[in-house]
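According to TrEMBL:
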BINDING   HIS66, HIS68, HIS224, ASP298  Zn(2+) binding site
BINDING   HIS66, HIS68, HIS224, ASP298  Fe(3+) binding site
BINDING   ARG75, TYR133, HIS160, GLN227, SER303  4-imidazolone-5-propanoate binding site
BINDING   TYR133, ASN300, GLY302  N-formimidoyl-L-glutamate binding site
DOMAIN    58-362  domain 'Amidohydrolase-related'
Amino acid sequence: MSRSVLIDRIGQLLFADPEREELADAALVIEGERVAWIGPAADAPAADRRVDAGGRAVLPGFVDSHTHLVFAGDRAAEFAARMAGEPYRAGGIRTTVAATRAASDAQLAERTGRLAAELLAQGTTTFEIKSGYGLTVEDERRCLRVARAFTPETTFLGAHVVPEGVDADAYVALVAGPMLEACAPYAKWADVFCEPGLPGAFDGDQARAVLAAGVRAGLGARVHAGQFAEGPGVRLACELGAASADHCTHLSDADVAALADSGVVATLLPGAEFATRSPYPDARRLLDAGVTVALATDCNPGSSYTSSMPFCIALAVREMRMTPLEAVRAATRGGAAALRRDDVGTLRPGARADLVVLEAPSYVHLAYRPGVPLVAQVWRAGSRVA
Ligand code: NIG
Ligand code: FE
């Protein structure tokens, strides 16, 4: 029989009630893996166990809908060169591909597990993982097999970059054909790095070929679009009914309108702007147009080697014209929307009991106190995990 837990004396509870996103002096009851009750602390029912939140803020666990956690090696030297003035190049991905191919399955799983533990310790209770550092049929499949051990939200990104010395159209045919066939059993989503101006990345037609094949194979679509320049990726995402267009740093007015009309989530990845020293996306423009915005880390060794959703929230508030509430909403409910999940990213009764207790009286502190480890407790599916 599952035991119940009462989390009592919550100073501020976020996203438990769609009508009132911030509740003060609240309590929450967990039954098994789910939230069973929320309400005023004064009305809290008895439970098998009581946890005193002591006036701290409680919010849903973060939903990181965009990561590249399966890889080997690092590219600290490339980062340092960039900070000394070098531009970002998609070709850097090939450095990680070589290290990843050379690693054993056990080494990849160990490294991915360490990163997954980093995410969890910083409050992320649901995360997506992409392949994309294998780029052969067998290496992409094994990266997805490794990813699958950590999350059901796995994404086939064979079209991350064209491997060295390979013809681009021949590679697209491989990705959309035999590679997809080998990887589809381990993937829920298909993604493409659509950035026509960046050597090694994919243009609109190539991206369409890969994503359409992915959709035919039963995968949902998501797209890396508009990271360095306006391009066809966002409209393609809307045309194909993708769950999410990711990066969205450079958007035309038509792109913004298409996102709003289609309901495709715009997933913003400020860690990438930070680590490529690029201008940040304008979240305000998207929110004002009625677009659903998600925030994610893009955790990868090249363009954004952070596993911290609190860091991304702080950047979004400081640099992207988001209020603290909008940023935390994007990091929880927005990420859930980007993964088409309604069981996470919220604390309404019936949701999975994934929650973060902050060492702070308010979620505002996530942006107000950047870089400070404020995540005091993490609960996933009703159990305390950090
Ligand atoms: O999301 N944009 C493409 N892929 C990654 C970068 C990967 C890398 O540089 O290793 C990204 O930013
Ligand atoms: Fe990415």
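Every residue gets a Cβ built from N, Cα and C, even glycine.
Closest to ARG75 (4-imidazolone-5-propanoate binding site) in space, going by CA atoms and restricting to the binding-site residues HIS66, HIS68, GLY302, is GLY302.
Among the residues TYR133, ASN300, GLY302 said to bind N-formimidoyl-L-glutamate, no two Cα atoms are farther apart than 11 Å.
Mean model confidence of the domain 'Amidohydrolase-related' (58-362) amounts to 98 (pLDDT, 0 to 100 scale). Residues listed for 4-imidazolone-5-propanoate, ARG75, TYR133, HIS160, GLN227, SER303, cover a largest CA to CA span of 20 Å.
Of all the binding-site residues given, namely HIS66, HIS68, ARG75, HIS160, HIS224, the one with the smallest number of surrounding CB atoms inside 10 A is ARG75. For ligand 1, no neighbouring binding-site residues occur among HIS66, ARG75, TYR133, by Cβ distance under 6 Å. Checking the binding-site residues ARG75, GLN227, SER303 against ligand 2, none has a C-beta less than 6 Å from an atom of that molecule. For the pair GLY302 (N-formimidoyl-L-glutamate binding site) and HIS68 (Zn(2+) binding site), the C-alpha distance works out to 10 angstrom. GLN227 (4-imidazolone-5-propanoate binding site): 27 other CB atoms within 10 A of its CB, across all protein chains.
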